[in-house]
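Undergrad: The structure follows.
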Amino acid sequence: MADKTGTPHPLTEPGVWIERIGGRVFPPHLPALFLDRDGTINVDTDYPSDPAEIVLRPQMLPAIATANRAGIPVVVVTNQSGIARGYFGWSAFAAVNGRVLELLREEGVFVDMVLACAYHEAGVGPLAIPDHPMRKPNPGMLVEAGKRLALDLQRSLIVGDKLADMQAGKRAGLAQGWLVDGEAAVQPGFAIRPLRDSSELGDLLAAIETLGRDNRS
């Protein structure tokens, strides 16, 4: 469906993609599982623009599956500076994103919303905006998803492979995040937990399951 930008893509402005996936309906005040995409859900191939090159990171599949079973929205929040830099366009992003979602469906897991920000200080034309509020580490994508899905951000979790993901989570009011291949750290009001092995993945799955139980109690 075309939007007010006049493109066939779900752009709310030239550098912001917001797409609702599937028809799952959620009651208000649920937490969400926020996920970075490149380097978290799929292998990061440096500005991925070819759907044929997309490979999932299997570590994330049980986390998404657990959130799906728990009735918790799964929301992808991804910076896409390759678009701002002119390496590829929104059509290539759409093709890659479609492939990621297709591979996830083949594994029996589902995403409920995708948000992407293409703004970057090194961009060209209207995308050359430094420190755009939607670009992580700013919290704009998480906050916008929170408004659209009526989420409880404080109870939500974020998983990503960069400190910018954790900073976005903290600024959005989340209490904890999991850093792929990272180190644990505690900041005022926010805990960064490492995600490097099966034991630490178990901690993430337990946290998601706890949110599901809290929602049913």
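Every residue, even glycine, has its Cβ placed from backbone N, Cα and C.
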Undergrad: Would you identify which residue of K147, K162 Swiss-Prot lists as part of the substrate site it also attributes to D36, R37, D38, D44, T45, D46, Y47, T78, N79, Q80, S81, R135, K136?
TA: K162
Undergrad: So of K136, K162, which of the binding-site residues has the fewest other Cβ atoms within 10 Å around its own Cβ?
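TA: With the binding-site residues K136, K162, fewest surrounding Cβ atoms within 10 Å: K162.
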Undergrad: Let's check the environment of N79 (substrate binding site): how many other CB atoms sit within 10 Å of its CB?
TA: 26
Undergrad: I'd like to know which of these binding-site residues, D36, D38, D161, is least surrounded, judged by other CB atoms within 10 A.
TA: D161
Undergrad: Compute the C-alpha separation of S81 (substrate binding site) from D161 (Mg(2+) binding site), stating it in Å without decimals.
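TA: For S81 (substrate binding site) versus D161 (Mg(2+) binding site), the Cα atoms are 16 Å apart.
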Undergrad: In whole Å, note down how far the CA of K162 (Mg(2+) binding site) lies from the CA of T78 (site 'Stabilizes the phosphoryl group').
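TA: Distance between the two Cα atoms comes out at 11 Å.
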Undergrad: Fill in the CA-CA distance, D161 (Mg(2+) binding site) to N79 (substrate binding site), as an integer in Å.
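TA: Each residue's Cα considered, D161 (Mg(2+) binding site) and N79 (substrate binding site) end up 12 Å apart.
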